[in-house]
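Student: Got these off Swiss-Prot a minute ago, pasting:
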- CYS235: active site, glycyl thioester intermediate (ACT_SITE)
- 106-120: compositional bias 'Basic and acidic residues' (COMPBIAS)
- 83-159: region 'Flexible region' (REGION)
- 89-121: region 'Disordered' (REGION)
- 239-283: region 'Handle region' (REGION)
Amino acid sequence: MLRSTLSNWREYLTPITHTSTFETTGQLTPEEFVKAGDYLVHMFPTWRWNGTDYNNVSYKDFLPKEKQFLITRKVPCKLRASNFVETQTTETRDVGDGWELEGQSEGERESGREDTKSNEEALASNIEDLQIVDDDESEGGGDEEQLLQNELADDDDDIVDIKPSTLRYYDLYITYSTSYRVPKMYLCGFANEGTPLSPDQMFEDIAPDYRSKTATIEPLPFFKGNQISVSIHPCKHANVMKVLMEKVRASRHRARDTEAQKNAEEDWEDLQSDIDDGLRVDQYLVVFLKFITSVTPGIEHDYTMEGW
């Protein structure tokens, strides 16, 4: 709990900045956090803002009262994190601050500790098929229907026999961390019959590599009560997000180059050559949820539909 207490003091003492450094640091201002939250709620209706129906909320004056935190309830968790680890045979290496990467030799571990940038790139490279679909792209009925069919096919491939005793549910919260200027995730778990999970039980759903370094037991900071949760420490979020943003930019740039080459062969003029291929700040939380799954592999975050 000492770590939690120190974290709370740091949150309290860190000054708020309203100057955007999103593209250079991967950090967000409170205003950008609200924009990203609005986009997440729009694209994924299972997420919502806290609204005005909470009488026990501890408000932060730099955020709108109705947008203090994001919440999605009763997210299923069918398997413990250890089930996912057992299927992996690759080694992992520590990249500092609790993050670990797969497939590295002992020699690479030593050199990796000296190269923070390559560590973050390797962590980001573990996230496959990173694609963001803009609003206008997701409105096409045919494409959306095909995406849904693909998702259902993937779900069929992953069907396993789940015993009721192993099924759990989580309420997930995302709030703004003033000390790191990034989103911060909190998890509150429940057994299948609705009984709150103990901290030790919730830690069973955190990937083993992250339990002692990245996850912290602490009360939900935005409630006046003492509701215990497990938080995901945000110390590396900004750096990893920077790498993921570059990954999105490179992917879009390649796609645009391919389209431009096709247009050139067909004598079409490329009217989109000056479009920025980077990640928009309002799309930040969609990518954030994508890499949070490396910490909570069994929790079925709602990030795989319209926004990808």
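Count begins at 1; order follows the chain as displayed.
Quick reminder: no glycine exception, Cβ is built from N, Cα and C everywhere.
Quantities reported herein were computed from a predicted structural model and do not represent experimental measurements.
I would like each feature placed in context: is it buried or exposed, what are its neighbours, and how far apart are things?
Tutor: Cβ contacts within 10 Å of CYS235 (active site, glycyl thioester intermediate), excluding its own Cβ and spanning all protein chains shown: 18. DSSP gives CYS235 (active site, glycyl thioester intermediate) a coil state; it is part of no helix or strand.
Residues belonging to the region 'Flexible region' (83-159) score a mean pLDDT of 48 in the model.
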